[in-house]
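Annotated in Swiss-Prot:
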type	residues	note
SIGNAL	1-25	signal peptide
TOPO_DOM	26-702	topological domain 'Virion surface'
CARBOHYD	N62	N-linked glycosylation site
REGION	191-253	region 'Interaction with gL'
CARBOHYD	N212	N-linked glycosylation site
CARBOHYD	N365	N-linked glycosylation site
CARBOHYD	N412	N-linked glycosylation site
CARBOHYD	N448	N-linked glycosylation site
CARBOHYD	N465	N-linked glycosylation site
CARBOHYD	N544	N-linked glycosylation site
CARBOHYD	N569	N-linked glycosylation site
CARBOHYD	N603	N-linked glycosylation site
CARBOHYD	N683	N-linked glycosylation site
TRANSMEM	703-723	transmembrane segment
TOPO_DOM	724-737	topological domain 'Intravirion'
Amino acid sequence: MLIRRRALWLTIPILIIMTSHKIMCAFDLSHVHSESCLKIQDISSDTINFTPNLVMFRFFSNETHSDVFHLPKCIFDSKLTSYLFDHLNIYEDVSVYKNNFEKYYMGSVEGTYRTIIIKGEDTTPYLDKTTAPTVEITEKDLIITYQGIRYMNPFPVLSLIDDESCEVFDDINELILPYFGKCRKFYLNFGSVTLFGHITSNFVTIKYTAQNGTDPYTIRLFFGNSAEIVHTLPFEAQDLALRMMMYDDFEIIGEVGPVKEMLKSFKLSLLDSLLEQNHEDVMNDFRHVFEAFYNHIKKIRDGSIDIKSLHIEQLLDSLLAYSIGYYIQYRYPPYTGKWRGIEHFIETETYIHMVPELFDLFAHNMTVKTPTRPNAIKFINILIRLYSYTDYTKLDHRGLSLYFLKYIYQGNVTDDIATYAHRYMTNLYTKYTYPKTQEGEHLYKSYNDSLDTFILNTIGLKSKNKTLLHHILLLQTGMCNIQNMIGHFHSLQNNDPKFGALLSPCYRSLRYDLTAKKIGQLITKESLEPYGRLVNMVRFMTKNSSMLNVLKCELPEDDGLLAIATVDNKTYIISSRPIAVGVVYKATYTAINLFLYVTRIQNNTCIHIDKVYRDGDVKAVYTFSLDTAKDCGDMCPSVLVEYQTNTGFIGIHVINSIADIQYISENRKLFPESSHYLWLLKNDTVLELEGTNFFLFSSKSPGAIVLYIIIISLIVWTLYEIIKLFCYKRQWQYQKL
């Protein structure tokens, strides 16, 4: 049984806040001091008479007994007191209290209240400092190694020590008194609705205002330790709570009608599942985040949710689970008596800072105000050194996660992060575009690789390093291909809601032609109509995504734009008609009424055009002889634009090295004979490659010369034998005659 002490109804809460930090809030706390508001000379006087400076409160428990309370008058002259009293509504009469009870949603009245008993275990790898007899101190007060596993001190990395102080519940009509303390703010934009959130060391809260027809309504969600907040009269935590546990409560604060409507989309059964399985396990919280997103995507795919039926409540399941995980990761008090597994920290902390990017795909924008974290930066640098990622040769998921967290904590992409990200992106692209198996590969054979592609996209978009940005976006546009679309479609059917399974390199690439119709044209072996609905939804929510990162203007996606390719410092617009000022190259082998144009623009500045444009000279090439002993030169990086006569634009292939060209030459079965290619070189040359064996290789290396001599000798010897045989046969026929 869960037992809570209920305060007396007539108790007046007096909240005194002492702080040395600057607090950003509606009330200016600079006037709050720790000394008494009574004059010092009055207190030190021999004959103290406090009566003129006191206010007396007398409460009768019966006719003969009463309790008397004296409070200094100066308390009521305080600006802070006036501010708090404005939120208390103490002058309202009983009828107003009654109306509020009927107006606001209460779980106990509506029959939705439940007490939750946690059944699952917290599987977070902790190590008790007092029970570990022999540990290796890797870094004093920060890292230890026990039985081959590294552990960390959660403090100060997993704390809000670097965050600004702020005020929560500052609106005059809130049912909770203002709370002052350290907090991390986040925002989510969904159409015309802006959702505000605060993560503190004691709770997390979310508030948004939306429209029900023409009437606006406000709803606040609260999860955490309700003992750390004070509700306004006549409410207490028990009145507003829908779920209560030993340490944390879940409250919904809103009027009856809007909350009932919200609960049609926001399923309390999913929250119950999370809480019963143990929400104190952060990894468990994120499993529920991904499962909620998986269910949301499933509804988009089957048509239950479309663009016209979108509303904020459809994302509240995943948003609340994410907020709970964030709060648990940073809550107070930290596990000061326990060390925490570093591998677990890296994974959960990466999820915490990457999930907002996932929300960006299905809402219009999500922002978390993360401060600069000096202690955390120092800690991550230690881990990068300990795990041997400083020389950029060890490219794996953990290394990328560490460099990503370094970017998050310091707020900018430094050269070391850019170098690691650049190499990692090249490695991923080569792995799946030019695979060693010599078979068509897709990204979803490893969900970590899919997640890493999304992490790299985030680093690139947030970087001021244009070389890195162009490199990542170009390669991810290339990875938005038929194999990866089919792989993603199947991964969403496997009922395996992992983070990587939810993502596609198409989501924030520079490819804009993937309508449901185009996907049907590209993939004819099976119907991907449900996948087309998903791509259309993300395209709608992330309109012109990544475009303004490479262009100084915005091109309309529905006006013939197919893709954008950034080759070295050149930008090419691939479209079904000329749409920007520049040098325009037209593909040759397209059907009637089907066109493909490539426009090279200057200085990333695009000016929209309608009809008049400058033709570029496209050189037709049947074979292209390359020397493997030489550098790539103007051919690296370069882009092959693939298209077909009846389908039009298929995709792009990025060439980063001479090995990529050699791979294409040796694995022509991976490149359909029905396709044609425009080759965009970085020296402003555009070639049209014709035929199926357009790359021929030569070499001047000694080994190759010896090999060629042997081959030529064999050819000469074979010809000699054929001629000899022919001559012998003719001679025999002559003799017979």
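Keep in mind that glycine also has a Cβ here, set from the backbone N, Cα and C atoms.
Note that the coordinates shown come from a computational prediction; the quantities given were computed from them, not determined experimentally.
With all protein chains in the displayed structure included, the most crowded Cβ environment within 10 Å among the glycosylation sites N212, N365, N448, N465 is that of N465. The distance from the Cα of N465 (N-linked glycosylation site) to the Cα of N448 (N-linked glycosylation site) comes to 25 Å. Here the candidates are the glycosylation sites N212, N412, N448, N544. The one whose C-alpha lies nearest to that of N603 (N-linked glycosylation site) is N544.
Neighbour counts of Cβ atoms within 10 Å were compared for the glycosylation sites N62, N412, and the top value is held by N412.
The most crowded of the glycosylation sites listed here (N544, N603, N683) is N544, judged by how many other CB atoms sit within 10 Å of its own CB.
Across the structure, N212 (N-linked glycosylation site) and N412 (N-linked glycosylation site) are spaced 41 Å apart at their Cα atoms. According to DSSP, N212 (N-linked glycosylation site) is assigned to a strand segment. Sequence-distant neighbours of N569 (N-linked glycosylation site) (same chain, 6+ residues apart, CB-CB distance under 8 A): H470, K682. Ranking the glycosylation sites N62, N365, N412, N448, N683 by Cα distance from N544 (N-linked glycosylation site) puts N365 first. Here the candidates are the glycosylation sites N365, N412, N448, N683. The one whose C-alpha lies nearest to that of N62 (N-linked glycosylation site) is N365. N448 (N-linked glycosylation site) sits 24 Å from N365 (N-linked glycosylation site), taking the C-alpha atoms as the reference points. N412 (N-linked glycosylation site) sits 20 Å from N365 (N-linked glycosylation site), taking the Cα positions as reference. On the backbone, the CA of N365 (N-linked glycosylation site) and the CA of N683 (N-linked glycosylation site) stand 38 Å apart.
DSSP gives N412 (N-linked glycosylation site) a coil state; it is part of no helix or strand.
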